[in-house]
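These features come from TrEMBL:
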- 1-19: compositional bias 'Polar residues' (COMPBIAS)
- 1-26: region 'Disordered' (REGION)
- 31-49: transmembrane segment (TRANSMEM)
- 61-83: transmembrane segment (TRANSMEM)
- 136-161: transmembrane segment (TRANSMEM)
- 168-192: transmembrane segment (TRANSMEM)
- 245-272: transmembrane segment (TRANSMEM)
- 344-362: transmembrane segment (TRANSMEM)
- 368-388: transmembrane segment (TRANSMEM)
- 400-423: transmembrane segment (TRANSMEM)
- 429-446: transmembrane segment (TRANSMEM)
Amino acid sequence: MEPHLSSSNTQHLLEQQPPTTTTTTKSHGKLALIPLVFLIFFEVSGGPYGEESAVGAAGPLWAILGFFIFPFIWSIPEALVTAELATAFPGNGGFVVWAHQAFGPFWGSLMGSWKFLTGVLNLASYPVLCIDYLKLVFPVFSLGVPRYIAILVSTLVLSFLNYTGLAIVGYTAVTLGIVSLSPFVVLTLVSIPKIDPSRWISLGQKGVQKDWTLFFNTLFWNLNFWDSASTLAGEVEQPQRTFPIALLSAGVLTCLGYLVPLLAATGAIPLSQEDWTDGYFAYVAEMVAGKWLKLWMEIGACLSVIGLYEAQLSSCAYQVLGMADLGFLPEFFGVRSKWFNTPWVAILVSTVIALAGCYMDFADIISSVNFLYSLGMLLEFASFLWLRRKMPSIDRPFRVPMGLPGLIIMCLIPSVFLVYVMAVATRTVYMVSFILTVLGILWYFFMKFCKSKMWLQFNSTGEKLEYED
């Protein structure tokens with residue numbers, strides 16, 4: 001079945017609204033459980049690559065505690081919200097549908113703008129990272145025209161893989177996940193005889209000042225985006241059953257993937273805190289086992305970046321497809337390939353924007369992405385709570401086992417952290433985020449104007465799902 005919002009288990013959700021139109025999707029293209037687990041894994045993590053900065057910012061003990069405790073106060077609430085809403089609204093669009101049903105089309109569209117900009121600007125960084133790893137082996141990619149050509153070619157090749165089908169992307173993610181995690185398994189096993197547990201309780205070297213902003217940003221960056229896979233719900237086999245299991249499995253894999261290598265690395269070598277920056281795991285591997293493991297880990301990092309790109313592009317493309325199905329975007333944004341049944345226009349749009357972003361300065365843009373993501377998550381938590389109150393009797397195949405007061409507390413704790421992330425932003429970030437938000441608002445009213453003038457053809461599903469008091 002193709003993604004839609006009015007399947008048999010969502011009729012209660014729509015209550016007295018008229019049924020939506022449905023179309024069909026080839027069943028062999030559906031995502032199974034294991035590929036979905038690894039797509040979620042790459043949406044959130046991609047492996048321990050990048051967690052090194054937490055040690056450099058605050059020392060081993062705080063890093064270990066952070067990656068142990070933070071999933072409980074941040075990742076688990078976000079995953080539980082995703083599990084409940086993705087199974088109650090099993091269609092493409094994910095969080096866009098949730099905000100739409102909770103607060104109406106304006107907020108659904110704004111949620112879509114925030115999340116799409118977050119995703120597509122993240123997407124832009126991955127080809128650059130991939131080439132940064134490749135230049136260690138092929139120095140010709142370090143500067144100039146060869147570097148730009150390599151970024152262009154890698155972006156187009158990776159996007160074409162996404163075009164060939166979500167099932168192919170899913171099983172590619174499984175392979176990439178296993179290969180990119182394997183050097184950390186070896187590092188852990190080789191480190192065991194060398195581990196000194198007293199190194200785990202170090203608060204950091206004397207004279208090295210703690211950078212709490214970097215510490216929390218590292219935790220935040222490595223443990224968010226649990227909701228991104230919700231935009232694929234319409235492409236998943238039995239989403240009501242599969243999504244909760246996939247989220248739980250990906251959560252366990254992600255947490256172990258961070259904690260176990262971190263314990264092994266910090267326990268096996270003496271602390272040199274200032275060296276703990278992005279990419280330091282490869283040097284730890286060389287110190288513990290030799291250059292062969294360092295090279296293996298660098299290859300794994302490159303493959304992990306490919307997995308991150310594929311997962312993020314899938315989320316962006318199917319979000320655009322879902323927004324076209326809802327009538328937020330013109331119908332042609334939802335056109336599927338005749339050969340692979342993939343949303344090729346959405347993939348192309350996401351790729352072009354990401355490609356433009358590859359050649360931009362990311363310093364303030366990435367910080368702005370964090371800000372927009374925080375705004376989107378606050379709206380997502382609000383949508384979750386309001387839907388519990390507004391539609392208490394709809395069919396929820398997975399239901400967070402709490403009443404409304406407990407849910408408010410569950411969402412309040414991560415919301416405080418989101419407010420903190422926004423509060424420490426720079427003036428430039430505030431300005432960029434404000435401009436992008438205004439553009440998102442203007443886009444909504446421009447699309448509404450185009451619809452009223454019938455300049456473009458829109459799907460009528462969104463009109464049937466209009467919010468009612």
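In case you wondered, yes, glycine gets a Cβ from its N, Cα and C as well.
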In the same chain, who gets a Cβ under 8 Å from the transmembrane segment (245-272) while lying at least 6 residues past its ends?
33, 36-38, 40-41, 44-45, 47-48, 51, 55, 59-60, 63-64, 67-68, 71, 75-76, 79, 82-83, 181, 184, 187-188, 191-192, 194-197, 199-200, 202, 204-205, 222-223, 226, 229, 281, 284, 287-288
Winner by Cβ pairs under 8 Å against the transmembrane segment (429-446), considering only 31-49, 136-161, 368-388, 400-423:
368-388
Please determine whether the transmembrane segment (368-388) and the transmembrane segment (400-423) are in contact (criterion: at least three Cβ-Cβ distances under 8 Å, sequence separation 6 or more).
yes
Tertiary contacts of the transmembrane segment (136-161) (same chain, 6+ residues out, Cβ under 8 Å):
126-128, 130, 168-169, 172, 298, 306, 309-310, 313, 347-348, 350-351, 354-355, 358-359
Find the member of 61-83, 168-192, 344-362 that has more C-beta pairs under 8 Å to the transmembrane segment (31-49) than any other listed stretch.
168-192
Looking only at residues six or more beyond either end of the transmembrane segment (168-192), which have a C-beta under 8 A from one in the stretch?
31-32, 34-36, 38-39, 41-42, 46-49, 161-162, 257, 260-261, 264-265, 267-268, 281, 284-285, 288-289, 293, 296-297, 300-301, 303-304, 306-307, 310-311, 314
Any residues 6+ beyond the ends of the transmembrane segment (61-83) with a Cβ under 8 Å from its own?
44, 51, 54-55, 200-204, 210, 215, 219-220, 222-224, 226-227, 229-230, 243-244, 247-248, 251, 254-255, 258-259, 262-263, 266, 377, 380-381, 384, 398, 400, 410-411, 413-414, 417
